[in-house]
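Okay, so here's the structure we're looking at.
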Amino acid sequence: MSIDGKVALITGAGQGIGRGIALRLAKEGAHIALVDIRNDALSAVAHEIEALGARVTTCVADVGDRAQVQAAVDHAEQELGGFDVIVNNAGIAQVQAIAAVTPEEVERIFRINVQGTLWGIQVAAAKFIARGQVGKIINACSIAGHEGFALLGVYSATKFAVRALTQAAAKEYASRKITVNAYCPGVVGTDMWVEIDRRFSDITGAQVGETYRKYVDGIALGRAETAEDVAGLVAYLAGPDSDYMTGQSILIDGGMVYR
Ligand SMILES: NC(=O)C1=CN([C@@H]2O[C@H](COP(=O)(O)OP(=O)(O)OC[C@H]3O[C@@H](n4cnc5c(N)ncnc54)[C@H](O)[C@@H]3O)[C@@H](O)[C@H]2O)C=CC1
Ligand SMILES: CC(=O)C(C)=O
């Protein structure tokens, strides 16, 4: 198994895409550190991972707070005896017209989506260097990191920023053989999309479910994405087959945005 025995930390692992990534990496033999702001969700996923026979530890942390990210990485290393992969997956959505968005809303989403990714990159890279080893940094981007979407403008801006950080960090850490890449899903049927759909409905008057259906109808492969679809790409980025890839933000969207 490609990442057998490696230690992987996944943020936002209490549900959705993060949970799917954690389960997939555990199935490939990795030891898993689960990070989220919700302890109850972490416990549930930890039980699923234990049932697969993998080693697992949990840590409640807010990725927008650098000290908490540092504590989570230290905790993973201490509990699991190493540190090889970080998946900076935690993120929030925001549906708002540019004409109506407030400073508070902008600050909140940039703090979690952009600073959360930045602290994850910074802390993980420092840990790899201190341990004298190589490592893999994998960030959650989006189709919205390649194209701005109406009513998702600020969210899109955060994901463009994630793509920029992925490229810059790849260049800064390449000499240390630390790779930095990102996955860019399209429309994944998680709670995030339930919330996006509900907010579109509030703002535009669309029926509940209509926006989601409209987006899914635009997918060439004809179905919504699953967390497992995303996890397959992340397993590749976490393993040795991607050792020669860095700085890339890879679209995995069933055919929505073509670059
Ligand atoms: N669902 C989708 O269609 C897409 C999602 N993405 C990205 O994938 C990532 C995961 O998305 P989903 O699983 O759909 O979201 P989700 O909303 O289902 O799950 C997000 C998880 O992150 C946790 N979280 C939120 N704020 C946090 C914080 N400050 N610190 C730590 N954990 C926090 C939540 O508690 C939750 O468990 C996000 O970065 C999102 O932007 C990208 C493209 C499409
Ligand atoms: C949630 C997300 O990234 C989109 C645009 O679907």
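Backbone N, Cα and C define each Cβ position, glycine as well.
According to TrEMBL, the active site, proton acceptor annotation covers Tyr155. Under the heading NAD(+) binding site, TrEMBL lists 15-17, Asp36, 62-63, Asn89, Tyr155, Lys159, 185-190. Residues or ranges marked as domain 'Ketoreductase' in TrEMBL: 6-173.
TrEMBL feature annotations superimposed on the structure.
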residue: Gln15; record: NAD(+) binding site; DSSP class: coil
residue: Asp62; record: NAD(+) binding site; DSSP class: coil
residue: Asn89; record: NAD(+) binding site; DSSP class: coil
residue: Tyr155; record: active site, proton acceptor; DSSP class: helix
residue: Gly186; record: NAD(+) binding site; DSSP class: coil
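In the predicted structure, the domain 'Ketoreductase' (6-173) carries a mean pLDDT of 98.
Distance between Cα atoms for Tyr155 (active site, proton acceptor) and Asp62 (NAD(+) binding site): 18 Å, as a whole number. Each of the binding-site residues Gln15, Asn89, Thr190 was scored by the number of other CB atoms within 10 Å of its CB, and the largest score is that of Asn89. The Cβ neighbour count for Tyr155 (active site, proton acceptor), using a 10 Å radius over every protein chain in view, is 24.
Take the binding-site residues Ile17, Val188: by the count of other Cβ atoms within 10 Å of each Cβ, the lowest one is Val188.
By the criterion of other Cβ atoms within 10 Å of the residue's own Cβ, the least surrounded of the binding-site residues Asp62, Lys159, Gly186 is Asp62.
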